[in-house]
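According to Swiss-Prot, the protein has these features:
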{"type": "SIGNAL", "residues": "1-18", "note": "signal peptide"}
{"type": "DISULFID", "residues": "Cys82-Cys175", "note": "disulfide bond"}
{"type": "CARBOHYD", "residues": "Asn101", "note": "N-linked glycosylation site"}
Amino acid sequence: MNLLLLAMGLILPRRPHALHMGPGDPNFDEKLVKGKWFSVALASNEPKFIAKDTDMKFFIHKIQVTPESLQFHFHRKVRGMCVPTMMTAHKTKKKFQYTVNHSGHKTIFLEKVDPKHFVIFCAHSMKHGKETVVVTLFSRTPTVSPDVMWMFKKYCKTHGIHTSNIVDLTQTDRCLHARH
């Protein structure tokens, strides 16, 4: 019996959702992530989500916080045009965890946060038995310091994403001209 409990203790922490601790402060006020943001980096274990000409890239404009959800206001490139869109992530019973039903069920985790400078979100989705992980880095300014980018890359590595699957979005058209 003790061996079984030990085995379970070694297996359970390896589940992807067990990797999510949220912001360092358990009393962090989610309202602090509201406001204007810029997409700075994107990473995924699935290369199609970060490909150069994919329609799957979303560029953040702002985040609104309600008692029940986070509302992400994005621009998305569709055939070269910047199209505004909104996605609502509904709060769950677990702190800093949200769900989205957009192209399938996704679980989004609010991870590392410095509300005056950056925020990292990590999304997990399961389709046909395969898990996809997408990690985004948003900044209050169009770019981030090398230290923040290093921390983002380190975070991605701990979630099984190779550095070749991390894209610096500051070198792409992020639909900045379409922001209001």
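Placed from the backbone N, Cα and C atoms, the Cβ positions cover glycine too.
Owing to the predicted nature of the structure, the values given are computational and were not obtained by experimental measurement.
Each of the disulfide-bonded residues Cys82, Cys175 was scored by the number of other CB atoms within 10 A of its CB, and the lowest score belongs to Cys82. Around Asn101 (N-linked glycosylation site), there are no C-beta neighbours below 8 angstroms that are at least 6 residues distant in the chain.
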